[in-house]
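Peer 1: Can you read through this structure? Questions will come right after.
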Amino acid sequence: RPADFKLQVIIIGSRGVGKTSLMERFTDDTFCEACKSTVGVDFKIKTVELRGKKIRLQIWDTAGQERFNSITSAYYRSAKGIILVYDITKKETFDDLPKWMKMIDKYASEDAELLLVGNKLDCETDREITRQQGEKFAHEITGMRFCEASAKDNFNVDEIFLKLVDDILKKMPLDILRNELSNSILSLQPEPEIPPELPPPRPHVRCC
């Protein structure tokens, strides 16, 4: 049967944190040891069933390099869920989180669900960021969840996406979901302005 709803999720974070690996593990159950850096925006689609509903999930994988920010910023606007990823073995990717929160504050809708993910848990012996540091950062952001994962070992990957989708469904009445998300969302051409039917940009929130 056709999907009941269509949802957009965007994955953001610094270069090399494993955004593409998380997406491909979830959608295709594959893992690439030496994935090429994403140029601009890539996407995959996966259909999931939650709460008795069939949901077509479009996942946008964004480039982490600053030179692509002008391209990727347009995709924040209609995303109902945002996954912010850092590498637990690279402190600089954790230090970049406030920068990414500024992008969220500026471009994302106010009702977007937020999830912070510490990736590469398979490299525990090389850890530079403790779980407590990740939890503390997420705790200081209103409504942000936190978890650690490993795309390589397929640990917590499904849980990341399914929990995010479940949070979106719980937050939005079904009639609103049906009205807002029934239109086709498969075009990857960003609009230069926020469409009038979308929520306003997310107001500034405390990020650190």
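Every residue number used here counts from 1 along the chain in the order it is shown.
For all residues, glycine too, the Cβ spot is worked out from N, Cα and C.
Heads up, here are the entries from Swiss-Prot:
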BINDING   GLY16, VAL17, GLY18, LYS19, THR20, SER37, THR38, GLY64, ASN119, LYS120, ASP122, SER150, ALA151, LYS152  GTP binding site
BINDING   THR20, THR38, ASP61  Mg(2+) binding site
MOTIF     29-43  motif 'Switch 1'
MOTIF     61-78  motif 'Switch 2'
MOD_RES   SER70  phosphoserine
LIPID     CYS207  S-geranylgeranyl cysteine
LIPID     CYS208  S-geranylgeranyl cysteine
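How about a rundown of where these features are and what they're close to?
Peer 2: Cβ neighbours within 10 Å of ASP122 (GTP binding site), excluding its own Cβ and spanning all shown chains: 16. ASP122 (GTP binding site) falls within a helix when secondary structure is assigned with DSSP.
Neighbour count (other Cβ atoms within 10 Å of the Cβ, all protein chains): 24 for ASP61 (Mg(2+) binding site).
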Peer 1: Which site among THR20, ASN119 has the most other CB atoms no more than 10 Å from its CB, taking these as binding-site residues?
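Peer 2: Answer by Cβ density within 10 Å: ASN119.
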Peer 1: Going by a 10 angstroms cut-off between Cβ atoms, which of the binding-site residues GLY16, GLY18, ALA151 has the sparsest surroundings?
Peer 2: GLY16
Peer 1: What three-state class does DSSP give GLY18 (GTP binding site)?
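Peer 2: Going by the DSSP assignment, GLY18 (GTP binding site) belongs to neither helix nor strand, so it counts as coil.
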Peer 1: Rounded to a whole number, how many Å is the Cα of GLY18 (GTP binding site) away from the Cα of ASP61 (Mg(2+) binding site)?
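Peer 2: Cα of GLY18 (GTP binding site) to Cα of ASP61 (Mg(2+) binding site) measures 10 Å after rounding.
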Peer 1: What subset of the binding-site residues GLY16, THR20, ASN119, ASP122, ALA151 lies within 10 angstroms of ASP61 (Mg(2+) binding site), using C-alpha positions?
Peer 2: THR20
